[in-house]
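Participant: Found this in Swiss-Prot, in case it helps:
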DOMAIN    2-216  domain 'Glutamine amidotransferase type-1'
ACT_SITE  CYS88  active site, nucleophile
ACT_SITE  HIS196  active site
ACT_SITE  GLU198  active site
Amino acid sequence: MSIAIIDYGSGNLHSAAKAFERAARSLEDPQKVFVTSDPDQAYGADRLVLPGVGAFADCRRGLDAVNGMVEAITEAVRVKARPMFGICVGMQLFATRGKEHVITQGLNWIGGDVEKITPRDESLKIPHMGWNTLDVLREHPVLNKLPLGPKGQHAYFVHSYHLNAANEADVLARADYGGPVTAIVAKDTAIGTQFHPEKSQRFGLALISNFLRWKP
């Protein structure tokens, strides 16, 4: 089994790779983790990870600049039904559009727009940086046995925008930051988190481990 972390010039590749390697070691079946900017290698992997930090438009341009990568991951996920994990802006790229400064087309795997978060409490700063618990909207195998809810473990967020999904069924969990913030989305074999699981300590590691066990 192999896990490809997509390198398109954005994302905490080293941190993500280390987190997935650590989670993979906890499984009964060995899984190889590798970072790649080669579309053929990405397409050939059993699971894919799309990290991302920075502005939506910059990340989309970076992904488009890797010749054949959008086509490869779209074929792998949407046609071959291989599991994909999006992290932060990597998850946002699943959306129909991003509205950060300019309108930018996303991958359109999950209907909806990436919009600026607008806390009701004006004292809450943007970007949203820090630890939050998650409120689960629906069950999913990747959330199995995780300590969620108001008394659950915390996830680490650093962002100013979130995915406002068109279909409520595509949202697995939200956080509260002066109002609801989309935290986890999933549709078919694609799942993504607005927070950084690689920085979320034991909770993040458990979430990644569940993703690696998931057989959609």
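Using N, Cα and C of the backbone, Cβ positions are placed for all residues, glycine too.
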Participant: Fill in the CA-CA distance, GLU198 (active site) to the residue listed as 'active site, nucleophile', as an integer in Å.
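Facilitator: Computed Cα spacing between GLU198 (active site) and the residue listed as 'active site, nucleophile' is 11 Å.
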Participant: Expressed to the nearest Å, what is the distance separating CYS88 (active site, nucleophile) and HIS196 (active site) at their Cα atoms?
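Facilitator: Computed Cα spacing between CYS88 (active site, nucleophile) and HIS196 (active site) is 6 Å.
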Participant: Does anything in the same chain, at least 6 positions from HIS196 (active site), have a Cβ under 8 Å from its Cβ, and if so what?
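Facilitator: Counting only residues 6 or more apart in sequence, the Cβ neighbours of HIS196 (active site) under 8 Å are ASN12, SER15, ILE87, CYS88, ALA155, TYR156, PHE157, VAL158, GLY204.
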Participant: Suppose we draw a 10 Å sphere around the Cβ of the residue listed as 'active site, nucleophile'. How many other Cβ atoms does it contain, all chains included?
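Facilitator: For the residue listed as 'active site, nucleophile', the count of other Cβ atoms within 10 Å is 28.
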